[in-house]
Amino acid sequence: MRGLWTTERVKAAEERVMARVPEGALMRRAAFGVATVALEVLAGRRRVGLLVGAGNNGGDALWAGYFLRRRGVAVSAVLLNPAKAHAAGLAAFRRVGGRVVERLTGVDLVIDGIVGLSARGPLRPDAAEHVAHLDAPVLSVDLPSGVDPDTGAVRGPHVRPAVTVTFGCLKPVHALADCGEVRLVDIGLTPELAGPDLLELEVSDVGAAWPVPGPTDDKYTQGVTGIAAGSATYPGAAVLATGAALLATSGMVRYAGAAAEGVRARWPEAICTGTITDAGRVQSWVVGPGLGTGLGAEAVLRSVLEVGVPVCADADAITMLANNPDLWDARDPDTPLVLTPHDREYERLAGEVGDDRVAAAKRAADKFAAVVLLKGHTTVIASPDGRVLVNRARSSWAATAGSGDVLSGLIGALLAAGLDPLLAAGCAARVHVLAAELAADGAPIPATSLLAAVPDAIRAVRPLTA
Ligand SMILES: NC(=O)C1=CN([C@@H]2O[C@H](COP(=O)(O)OP(=O)(O)OC[C@H]3O[C@@H](n4cnc5c(N)ncnc54)[C@H](O)[C@@H]3O)[C@@H](O)[C@H]2O)[C@@H](O)CC1
Ligand SMILES: [K+]
């Protein structure tokens, strides 16, 4: 797992490191890392431009310019606030023949040292003007200027880098916004950092957690997933969610609802019944996709919540919980619940999402004592125990009708297999976007194709030796 730390924590850790190293040492180490990556990106080309702001982020850029000059690179710099440019960095830059210019022209790479960890809000007009006219790839120092370091929110003009070089540890922006390729330079911060604020699952974590049958397993020991989804009007949601649960693990899947006939026709291996009471024992329920929000659907949701097994509540189940808070009474608060809202469903449940998606997910997790998976290009998953996972997709091919039904089926199967609910949601989200990428391969896909790629996605995350 990769950790990400908020700016407040990073700054406190930096202060502790700075107290025991010579003045300027940390900045030079950071800047040397920037220069090293810049040389790699330049791949033999030799003209670099710096955009230098008023803070230490600009200082990093000037020192990087100094190191690049010493390697024979032609470096010019625009000082956005000449009076406040980092004095030692500027002096060093000038000493080795760095040029201060009014505008960057004819460069092969731009280093964005406009603002870093201390800035909030979009680029100011003068910086935005320079950025708008760039025609070379950009390397951002620490983070793309104009993007919020803690929330990744973009509220106006900002930098879109090809690569971001950050220092000491990853910050939330690196998982929540587009930073291009992210490179981490060690500046000795690790010993000063306690547990991270956010976590990102790596492929190996997902592979290690994914349930695999052992020699003593049978169809029951791997978990039976119940699917309470679909309706006469929307049988498709039931077919997709049931299929996802079937493909996720080797456990059994029971379907209960009005779409039994359609589900049976597509998935003969699923045990299909008309009602929850006839469904038999399960180790988890998925409830909501295509279920409708009428009185019958409410009764289904209430029965599922009363069973006392982990539940993944999606789509119409979320709307019903939002519209009729009495339904919460059916739930035993100790039984794991995973809610999977998109922004509009979140709004119905817990008010506006706002710019800070991590805070929003945490708020709802707290309020409902549930794992909340807030869907988006970056999926944020918050647990009521305070842990937060983020999962950034590399593409948006999963944003298609029916895709959410597949996700809830995957989560349900992992819950039935006994995974920790946060991990179940995180692993499912990761395999889901990977399946979308594999299926799409550069062209739009329907959810059935995403579903069909789930086995390939699982193969791709599983360790080769297992
Ligand atoms: N503190 C440390 O130990 C280290 C800091 N480093 C660098 O220092 C950076 C943080 O430096 P600072 O705290 O000086 O802050 P920044 O470099 O983020 O800049 C803050 C300055 O930008 C101005 N500003 C704020 N919002 C703005 C906006 N939207 N548009 C334009 N200007 C804006 C403010 O007036 C302030 O002067 C890090 O991101 C990193 O690049 C590195 O050198 C590593 C070590
Ligand atoms: K920057």
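Cβ from N, Cα, C; glycine included.
Pulled from TrEMBL, these are the features on record:
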type: BINDING; residues: 56-60, 116-122, Asp142, Ala237, Gly290, His342, Asp405; note: (6S)-NADPHX binding site
type: BINDING; residues: Asn57, Asp112, Ser145; note: K(+) binding site
type: BINDING; residues: Lys375, Gly376, His377, Thr378, Thr379, Gly404; note: AMP binding site
type: DOMAIN; residues: 10-195; note: domain 'YjeF N-terminal'
type: DOMAIN; residues: 202-461; note: domain 'YjeF C-terminal'
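Listed in chain order, the residues near the K(+) site other than Asn57, Asp112, Ser145 are Leu51, Gly53, Gly58, Ala61, Gly113, Ile114, Val115, Gly116, Ser140, Val141, Asp142, Leu143, Pro144, Val159, each with its Cβ within 8 Å of the site Cβ centroid.
A distance of 11 Å separates the Cα atom of Thr378 (AMP binding site) from that of His342 ((6S)-NADPHX binding site). Selection of the binding-site residues Asn57, Asp112, Ser145, Lys375, Thr379 by a Cβ distance under 6 Å from ligand 2 yields, in sequence order, Asn57, Asp112, Ser145. Less than 6 Å separates the Cβ from ligand 1 in the case of Asn56, Asn57, Asp142, drawn from the binding-site residues Asn56, Asn57, Asp142, Gly404 in sequence order. Cβ proximity to the AMP site centre (mean Cβ of Lys375, Gly376, His377, Thr378, Thr379, Gly404, cutoff 8 Å) flags the following additional same-chain residues: His342, Leu374, Val380, Asn391, Ala393, Ala429.
The most crowded of the binding-site residues listed here (Arg120, His342, Lys375, His377) is Lys375, judged by how many other CB atoms sit within 10 Å of its own CB. Only Asn57, Ser145, of the binding-site residues Asn57, Ser145, Lys375, Gly376, Gly404, have a C-alpha within 10 angstroms of the C-alpha of Leu117 ((6S)-NADPHX binding site).
Inclusion criterion for the binding-site residues Asn56, Asp142, His342, Lys375, Gly376, His377: a C-alpha placed within 10 angstroms of the C-alpha of Asp112 (K(+) binding site); this criterion is met by Asp142. Cβ neighbour count for Ser145 (K(+) binding site): 29 (other Cβ atoms within 10 Å of its Cβ, all protein chains included).
Within 10 Å of the C-beta atom of Gly404 (AMP binding site) sit 25 other C-beta atoms, taking all shown protein chains into account. Within 10 Å of the Cα of Lys375 (AMP binding site), the following binding-site residues from the list Asn57, Arg120, Asp142, His342 place their own Cα: His342. Reported as a whole number, the C-alpha separation between Gly376 (AMP binding site) and Ser145 (K(+) binding site) equals 22 Å.
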